[in-house]
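Swiss-Prot annotations:
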- Arg27, Glu89, Arg128, Lys461: (6S)-5-formyl-5,6,7,8-tetrahydrofolate binding site (BINDING)
- 224-382: domain 'TrmE-type G' (DOMAIN)
- 234-239, 253-259, 278-281: GTP binding site (BINDING)
- Asn234, Thr253, Ile255, Thr258: K(+) binding site (BINDING)
- Ser238, Thr259: Mg(2+) binding site (BINDING)
Amino acid sequence: MAQVLTQFDTIAAISTPIGEGGISIVRLSGEDAVAIANKLFKGADLTQVPSHTIHYGHIVDPKTKDVVDETMVSVLRAPKTFTREDMVEINCHGGMIVTNDILQLLLANGARMADPGEFTKRAFMNGRIDLTQAESVMDIVRAKTDKSRQVAMTQLAGGLLDKIRTMRQELLDTMAHEEVNIDYPEYDMDDLTSQEMKKKAEEVSKQIDQLLKTAQEGKIIRNGLATAIVGRPNVGKSSLLNYLTQDDKAIVTDIAGTTRDTLEEYVSVKGVPLKLIDTAGIHHTEDKVEKIGVERSKKAIAEADLVLLLLDASQDLTDEDKNLLNLTANKKRIIILNKQDLGTKISQEMIREITDNPIIVTSILKQENMAALENAIEQLFFSGIENSQNQILVTNQRQAGLLAKAKQSLEDVVNGIDDAMPLDLVQIDLKNAWDTLGEITGESAPDELITQLFSQFCLGK
């Protein structure tokens with residue numbers, strides 16, 4: 001864990017969204033947090049109250065003596081706080097003016113405006129959390145479904161941290177054993193030590209493999225299942241988007257080519273996080289703007305985790321339909337036969353001869369059989385991840401990339417031993433793997449990485 005650092009100044013920020021609301025919270029952290037808040041607070045003497053208590057009073061401008069707001073103030077003393085520093089949280093009435101006035105008074109009386117993510121960064125620097133837990137804090141804030149929140153909570157509880165630390169300890173024990181052999185060569189334990197190193201490298205590599213297998217699942221749960229809504233013009237793509245989002249996010253008309261670009265929307269369908277992409281109709285066109293939309297649609301299909309392919313069941317299968325069936329043949333997809341209320345010229349049996357993908361017959365405008373579509377999405381998504389609530393998942397590209405890098409170093413260890421390389425050289429690769437795993441938790445992460453990571457957080461967090 002990172003070194004405990006205590007020589008920080010005192011920071012302040014608004015921790016709740018700016019705007020009208022019932023309550024806003026202005027947060028302080030640092031050695032002088034209580035003293036600064038006490039300059040403004042008229043009620044109890046905050047410097048004398050017990051830790052983890054809340055007090056009623058008023059925030060008063062020390063210079064003008066004007067009462068700014070009626071508040072409840074929480075005093076939280078180190079080390080049992082989020083940042084492991086003294087903290088104060090001022091609960092005031094929601095509203096842009098009053099909240100900002102309180103913040104400005106805190107800044108005028110000795111606090112500094114917090115950088116984005118600085119509260120969480122201090123929690124990391126003071127050993128309260130590691131980098132995987134810090135990332136999970138933002139995952140909780142940004143969670144779009146219960147599933148993504150549950151996975152983030154598992155990370156915050158230290159699931160991935162414990163796994164990484166166990167692997168690092170195993171590698172450290174192996175390196176320590178090898179150091180004895182290097183320091184005392186008279187015992188001639190090279191063969192024994194090399195086999196031990198190889199075995200341990202292979203064991204840890206397998207553990208990393210198991211984590212890497214969860215990376216795609218973790219990405220989907222964290223970011224949403226990238227779902228492309230695909231079909232030729234005027235088959236009901238935008239109507240499907242509007243049904244799933246329960247909002248008119250796309251223009252629905254009878255004019256072919258109305259959607260000229262890709263539209264994105266996040267929704268939860270029966271607990272499945274979907275990042276919906278309503279694509280432009282893929283068809284031949286001479287319109288330059290439409291051509292751009294068509295190319296973007298093809299790119300969206302290539303990058304999609306799931307394709308919802310719409311066909312107009314009331315019309316014969318067209319060449320454009322056949323092209324889309326071929327274009328999406330290798331994707332996980334659901335075939336939707338829309339407009340069945342207008343007649344049926346494309347049957348399930350006809351499509352079944354082409355593919356074994358799930359087929360849903362519906363009228364989206366009349367919302368007929370839409371529950372079957374939602375059930376099909378749920379079944380496809382949860383078929384292999386029913387236990388992900390308590391499962392340790394790799395949830396972002398940073399973690400996955402470092403795991404892959406560590407695995408490569410371990411493979412270099414195995415190859416080096418097989419090629420009879422000197423053990424002191426092989427151990428360099430073993431230490432590289434150990435260091436790389438430490439970057440995941442922050443135990444060996446460079447300062448610039450830590451700064452960059454926390455800069456992505458919101459103010460007040």
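Positions of Cβ are set from backbone N, Cα and C atoms, glycine also.
Note that the coordinates shown come from a computational prediction; the quantities given were computed from them, not determined experimentally.
Summarising the (6S)-5-formyl-5,6,7,8-tetrahydrofolate site geometry, the residues cited as binding it (Arg27, Glu89, Arg128, Lys461) extend over a maximum Cα to Cα distance of 19 Å. Residue pair Lys237 (GTP binding site) / Lys461 ((6S)-5-formyl-5,6,7,8-tetrahydrofolate binding site) shows a Cα separation of 39 Å.
In the three-state DSSP assignment, the secondary structure recorded for Asn234 (GTP binding site) is coil. Put plainly, the binding-site residues Arg128, Lys237, Lys461 were compared by Cβ crowding within 10 Å, and the winner is Lys237. The Cβ of Glu89 ((6S)-5-formyl-5,6,7,8-tetrahydrofolate binding site) lies under 8 Å from the Cβ of Ser15, Ile25, Val26, Arg27, Leu28, Val73, Ser74, Leu76, each of which sits 6+ residues away along the same chain. On the 0 to 100 pLDDT scale, the model's mean across the domain 'TrmE-type G' (224-382) is 80. Rounded to the nearest whole angstrom, the C-alpha distance between Ser238 (Mg(2+) binding site) and Lys461 ((6S)-5-formyl-5,6,7,8-tetrahydrofolate binding site) is 37.
In this structure, the C-alpha atom of Arg128 ((6S)-5-formyl-5,6,7,8-tetrahydrofolate binding site) lies 55 angstrom from that of Asn234 (GTP binding site). In this structure, the CA atom of Asn234 (GTP binding site) is 45 Å away from the CA atom of Lys461 ((6S)-5-formyl-5,6,7,8-tetrahydrofolate binding site).
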